[in-house]
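So the structure is just underneath, and the comments pick up after that.
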Amino acid sequence: MEERARSCLLRFKDTLEQDIKASYLMDHMVSDGILTNDEEARVLSKVCYGQAAALLEVLLMKDNRAYISFYNALVRESYGDLANLLHSGLPLLSPVGERSFADRVSPSVQAILSEGGVPQRPVVFVSRPALLNLIREKLYRLKNTSGWVTVFGMAGSGKSVMAAEACFPGGVHWLSVGQCERADLLVRMQSLCFRLEQGQSSDASQRTPCSVEEAKERLRFLMHRRFPRSLLILDDVWDSFALRSFDIQCRVLLTTRNRSLADSVSGEKFEVPVESGLDEEKALEILALYVNGKPQKLPEEALSIVSECKGSPLVVSLIGALLREFPDRWSYYLRQLQKKQFKRIRKSSSYDYEALDQAMDASLQVLEPEHRDLYRDLSVMQKDIKVPAKVLSVLWGLKSEEVEDVLQEFVNKSLLFRDCNQRPYHYYLHDLQRDFLVEQNRDQIAVSYVAPLFKRDHRRTRSELLYWYRFLPYHMAKAGLSKELYSLMFSLDWVKEKAQIMGSAHLINDYVEYGEILDEENSEVRLQFQEFLSLNGHNLEQRPFPDIVQLALSQPVCSEVYRQALMQAQKRASRGQLCLDLVNKNNQGSFSRLVVHPQQGSVYYACFSKDGSKIASCGANKALRVFKTTSGEKLLEFQAHDEDVLCCAFSPDDRYIATCSSDRKVKVSVSVSLPTLFEHEEQINHCQFTNTGRRVLLATCSNDKCTNTKNTMFGHMEPVNHCCFSPNDAYLATSSSDGTLKLFGVSSANEWKSIDVNSFFPESDDEIKAIVKCSTWSADGSRIICAARNTVFVFDVKTSDMLLEMKTSRLSTVQYCHACPNSSLLAVALSHYTVELWNFETSKKKAECNGNLSWVHCVQFSPDGSLLLSSSSDQTIRLWETDRVHTSSAAALKRDSDVLFSHSDVTIVAPDSRNRLQDVRCLRLQVWKWRTGECLVLEGHKEPVRRFHLSNSSSSSHLFSWSFDGTLKVWDLNRGHMLQDLECHKGAVLSCDVSSDGHLFATTSADRTAKMNFLLKGHKDCVRSCRFSWNNKRLATGDDNGEIRLWSMLDGALLKICSRDTKDSMDSFHGGWVTDLHFSPDNRVLVSTGGYIKWWSTETGEALQTFYTMGANLKKIHVSPDFTTFVTVDSIGILYVLKKVEGGSL
């Protein structure tokens, strides 16, 4: 400390010791970093009268910064007379060695700030340049005029720190106002007057103002005469009376929690909102500075602390200061935050409140008692949820206009936040505010939760009650209304209502979230509802919304879901509505337990997070999506690349997700896409992080024949399709189109082993290598498994010897494989849309996972091996429980079948997949007389016969055949002669039908037309099916676009178009081609097959019912004569026998 400052302290030492209260001053000096906690404790250990002397002794051993901090503390604590004694001794700071005190501030500017009472920077300070520039921009507008700049925000958001950074050309004068009575306000104003009068001659000095009004006039005079270009900063202003006391036509910057305070004063006004939280990077920087570390080396709890408090500067600083003294208490302070133990996070700086809860409560106490009670009711709001005023109108029982006025007051006082991007406005609490309310309101919390349940107004529209649809179970659970919760969650009506508005993922999440409560009533029923939603969630995303009763009729007969659906279907049937009951309910053990429709377009890759709680997916829509494993609820979605995203991977700590794309870029993301990490020269096929966090690396491979980790690994001669780290991250396996599998040492980036997989295919052409699609490691890392063509190979890592060879069907190829991380199970995705589970120890197939409707691009086990996912071009991700899937004992049926209906019996004949029948393309027909074995050969078609139709009458038997050559031929079966050879179309004839009276026939073609007596035009794609009505007045035609048209047989006029309003997820109006059509006997209903089955009203063209099959691409449907039973087989070989629920008329 320079001699002048030291002498000044010694000269007035006795006076200071008699008048100051050391504990008040030390709070400020600890905050400035002048005093350590140990020094503070040493001073406080003295008897009351000795504390001041001990403090001065400590100061005399310190530097100039200590003198300035002590002077500012006197000013802030209203010791104006004592500060005046020390004013002459204020030192000028040297820029060398004083950077922490005033970065980039010149000594002269620093002296001005010190004289103006501006607090020093906190000992730990991080810049917020965007906010500071905004404050300075508003202040610049006051350059030539008086006015007000209001810096407002919630408690602890850093308003005062930012205000202290605001310099002004004509000087700055700081006054901390706070919550004060009239007498306290007068003392503060007197202190300011005293400071402003320093330097005047003794003759000019005036007596101390005796009232607020007199002090106001004195300040007006001083600011206009002596400091006309200065800025007055009023810190922490709470009420309008205090602010009006400084309405003296000067330039004022005020910090407050109440943005509306400036409405009570005159002059120009500008506002600067302060965000309630710092971004993650800034918050971690503060914690790192407190513990003298680097942000990237902080423990995991650091990020959790920042996340838990939403980056609150106050909380981060309080905890940081505590950690400086107790650096091993990261977990302890995180637990205190999570448990809402705000009193444990106590004062360790100059902040005005002893603990965090006091700072929160101070804002609450300034409300009117009535509004205070309303604010406490907000404790029922859930975290991170924004609600409209309509919801709070239900909660409070007030009119919307009254609610909006109350909410506006809360927003003005920084007690509530408003999202102005939504109309109507939505409101939400900061997590700290909500947690504080919950803690304060704990005794009455059950009453608070249950109150809105009985206040709900059922006359409101569903959009107004959106909040209640989402959070009604939450409120019931919190209020302890178990019986009411059972009744709600075990109701198919509730499932329908909520799924239609919120989607299935929110519902599934409810059954998971409140499973313990629901299981006390009936765990089986809870599982039945949860499984129903999991299996049908992708269907519930369809628009128009599907009939949930019809979906539920496919559930097992013993299911509560089925029981409720059947009751509702029977009621509907009595009113003439159509519902179909699935008679042959299959055991669906081999089908997925959850189906998620994450995006439009093919899903190329999906992976579990390291903790198994989340799944990330990517694909043809260029986006990355993250959702919950348990329910499919979306957590995150954003555009990741400019082209197809081919792969994604979680980092070992789940904080980051890497993506790679055909745009040749690799990106690493947190919550939004970050800049490109690096690029390859060609398409990047795969990326993967290391398995452990000891040394985090990211490997990528591409069509440019090399692999990247930290170093580039060369060796392959063709594109590298896949790469994966060994379980201990010592090696990296790469799979290539050059027919080899290579192992590289990760630390050296050198090739360790190379296995020529192509050599195990001796019949292969030398020029056409066997492409190695992918590889995977056994759990112990001793074996490496790879897939090529239709074979999976298991190699010993040390010797490179092949241990096992598992061959799949020769008609299929292996698309992908993945080994279970804790067992000998291997998941294999095959080109015929099936996923198989094999034991790679015994080379035996253990299970089949059916349900995918297109190419399966990826399979992956969860980290604990309990779940298996697949991603497919059918736009879905499917999850299986590995211990519940099994190899089906029944072979899958083929879609070619025939059915005999006899009264109530149904006889079905269909070949299965075990009959290896060859598809022979024939140019002739063979007609057999089955009693005698005679064969009649009919020749004449120039291209393969598409199909044929037998027509019997009392006089003769005819056969119609149609072909890809565009002709239809009519044959006499008695003589084997061709009766007619008709060139019907320019394209292939795809279907034909004969009217019931045998007088007319119709054909449809790939040339997009149908023919009868008229040429029927209008279809936009191949016309694949046709059917006459039984009364021969209509013809129905269906095309590959999913559209059905009804035509008049009298004049060929178009009567109706049966179609959805929009295309479905398969880019069709019917889930695919319309392959078969049938009219009901009364001609009022038409049934059609495509990707699913639909029933239509021929009068209106509207859909009456839809039945979704597990597979797709239905080939035909068999209909009983009375139109009550329907039989079909889907693309994955599942048989469906549907019966109309009794009681209805069509």
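Backbone N, Cα and C atoms are what each Cβ position is placed from, and that goes for glycine too.
Taken straight from TrEMBL:
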type: DOMAIN; residues: 1-89; note: domain 'CARD'
type: REPEAT; residues: 638-668; note: repeat 'WD'
type: REPEAT; residues: 713-754; note: repeat 'WD'
type: REPEAT; residues: 849-890; note: repeat 'WD'
type: REPEAT; residues: 938-981; note: repeat 'WD'
type: REPEAT; residues: 1016-1057; note: repeat 'WD'
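Note on the repeat 'WD' (849-890): mean pLDDT across this stretch is 84. The DSSP breakdown of the repeat 'WD' (938-981), given as helix, strand and coil counts, is 0 helix, 28 strand, 16 coil. Here the repeat 'WD' (849-890) is broken down by DSSP into helix, strand and coil counts: 0 helix, 19 strand, 23 coil. Helix, strand and coil residue tallies for the repeat 'WD' (1016-1057), in that order: 0 helix, 22 strand, 20 coil [DSSP]. Residues 300, 303, 604-611, 614, 616-620, 622-624, 626, 674-693, 696, 698, 700, 702 of the same chain sit 6 or more residues outside the repeat 'WD' (638-668) yet have a Cβ under 8 Å from a Cβ within it. Here the repeat 'WD' (638-668) is broken down by DSSP into helix, strand and coil counts: 0 helix, 17 strand, 14 coil.
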